[in-house]
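Report on the structure given below.
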Amino acid sequence: MEHKEVVLLLLLFLKSGQGEPLDDYVNTQGPSLFSVTKKQLGAGSREECAAKCEEDKEFTCRAFQYHSKEQQCVIMAENRKSSIIIRMRDAVLFEK
């Protein structure tokens, strides 16, 4: 194998280990959380919302909801184990 091929394979291997932003979350259609510690942010996609959850410094983000019609992202410190669940038809809940 030539040096270039080895480098290319190594780069592909390293890139594949990063995964997608949503891979760390379990998503459920329908539930919404009643959360005291939360932030409402604008986001153009679920992936962008996941990135905002990961990057938040004010609290440990354990879940987020993305509302595609409004392009609204709600990041929360609680998850279904520590909060009350409310049913919402258009909500998708992502939890760690």
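One-based numbering along the chain as shown.
Glycine is treated like the rest: Cβ placed from N, Cα and C.
Disulfide pairing as given by Swiss-Prot: among CYS49, CYS53, CYS61 connects to CYS53. Neighbours of CYS49 (disulfide bond), defined as other CB atoms within 10 A of its CB across all chains, total 28.
Counting only same-chain residues six or more apart in sequence, the Cβ atoms lying under 8 angstroms from the Cβ of CYS53 (disulfide bond) belong to CYS61, ALA63, PHE64, ILE75, PHE94.
For CYS61 (disulfide bond), other Cβ atoms within 10 Å of its Cβ number 22.
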